[in-house]
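Colleague: The feature Mn(2+) 1 binding site is assigned by Swiss-Prot to Asp89, Gly90, with similarity to another entry given as support. According to Swiss-Prot, the feature Mn(2+) 2 binding site maps to Asp89, Asp290, Asp349, an assignment based on similarity to another entry. The domain 'PPM-type phosphatase' annotation in Swiss-Prot covers 58-358, and the record cites sequence analysis as its basis.
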Amino acid sequence: MSGSLMNLFSLCFKPFGHVCDNSEAGSGGGGGVSGGTGGEGKDGLLWFRDLGKYCGGDFSMAVIQANQVLEDQSQVESGNFGTFVGVYDGHGGPEAARYVCDHLFNHFREISAETQGVVTRETIERAFHATEEGFASIVSELWQEIPNLATVGTCCLVGVIYQNTLFVASLGDSRVVLGKKGNCGGLSAIQLSTEHNANNEDIRWELKDLHPDDPQIVVFRHGVWRVKGIIQVSRSIGDMYMKRPEFNKEPISQKFRIAEPMKRPLMSATPTILSHPLHPNDSFLIFASDGLWEHLTNEKAVEIVHNHPRAGSAKRLIKAALHEAARKREMRYSDLRKIDKKVRRHFHDDITVIVVFLNHDLISRGHINSTQDTTVSIRSALEH
């Protein structure tokens, strides 16, 4: 097996990492009292870590598999550099999401080291582009062996907490929602990410502006809007068949091939990046792949987290989405649970959720007091 092939298929998985020894982490806002940390476990196709500690508070993490091969990957990394949260929702196969899980954070660390660890929008954007170029190189090297690798891609949602600022970078249609305390004690749901999906009218106009000479840049097909009638998302890592003409030809499947010459990339790997100064009323963040948001509103998700203990928050959100998926199909949740992967995809997508609770005292000083290079490194299981 070639070195590139070994590199591509290396497992996006580590033993579930040691966490920062932080007894104060339970005192932050949002959710119920933490009551300590809970371990990871499995329940059928569901993997979860009920409660963990990062250097700015607590987090909860869960993923459920629906596809024959799990296409979602995710990670939480925390240390003296701040905190990095990633959700990678693959499509066409698992390879791009696994590659991003293995490489995006490493590129982020290498690039931020050039500026003594200072994090900026440029730092994050460069990390995305370096990851895209790395995956493109593998697609090129393996073109003769695995041409369909050119049709694999992944959405990317990244949150970086650096000092008292949250950076959110997004490609595709995963979403992060902030639970923010109001003056009267309630919580509001504030979406912080941009979704690059052709079903969004703003994205259709963006694509038309970028491709004024192509009346077929977005096509309504099978009940949804798609870029060139093929794919719903307009930005991703991977999907080289939509970005480089040398990968849009035989032997990839006819359904992926564009009839007319490709004058410019049809999709982008440049993320939309938002910077949000953290406020004491910012209680928690819900990072999730679009499989969750197909079934839960932003407000409902925030309500669920707010009204229950922290432990198991991510798992609780996934189960709420599954209950809703079952209701839509007029079936019982207990019957949905009996359906095996692959067939399960007809009822819901792979779903990844990471809930990050914000302890503002710890966030303010954590990057100073942390003495280890990386004190938390958690990645979701590769398969269930």
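Heads up, the Cβ atoms here are built off N, Cα and C, so glycines get one too.
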Colleague: For the domain 'PPM-type phosphatase' (58-358), what's the model's average pLDDT?
Modeller: 96
Colleague: Quick one: among the binding-site residues Asp89, Asp290, Asp349, which has the most Cβ atoms sitting within 10 Å of its own Cβ?
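Modeller: When each Cβ's neighbours within 10 Å are tallied, Asp89 leads.
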Colleague: Are there any residues in the same chain, six or more apart in sequence, whose C-beta is under 8 angstroms from the C-beta of Gly90 (Mn(2+) 1 binding site), and if so which?
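Modeller: Spatial neighbours, sequence-distant, of Gly90 (Mn(2+) 1 binding site): Glu71, Asp72, Gln73, Ala96, Ala97, Arg98, Val152, Gly153, Thr154, Cys155.
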Colleague: Per DSSP, to which secondary structure element type does Gly90 (Mn(2+) 1 binding site) belong, with helix, strand and coil as the options?
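Modeller: Assignment for Gly90 (Mn(2+) 1 binding site) reads strand.
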Colleague: How big is the gap, in Å, between the Cα of Asp349 (Mn(2+) 2 binding site) and that of Asp89 (Mn(2+) 1 binding site), rounded to a whole number?
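Modeller: Between the Cα atoms of Asp349 (Mn(2+) 2 binding site) and Asp89 (Mn(2+) 1 binding site), the distance comes to 10 Å.
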Colleague: Taking 8 Å from the centroid of the Cβ atoms of Asp89, Asp290, Asp349 as the cut-off, which other residues in that chain fall inside it around the Mn(2+) 2 site?
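Modeller: Residues close to the Mn(2+) 2 site, other than Asp89, Asp290, Asp349: Asp72, Cys155, Asp173, Ser174, Ser289, Gly291, Leu292, Glu294, Asp350, Ile351, Thr352.
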Colleague: Per DSSP, Asp290 (Mn(2+) 2 binding site) is which: helix, strand or coil?
Modeller: helix
Colleague: Where Asp290 (Mn(2+) 2 binding site) and Asp89 (Mn(2+) 1 binding site) are concerned, what is their Cα separation in Å, rounded?
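Modeller: Here the two Cα atoms lie 8 Å apart.
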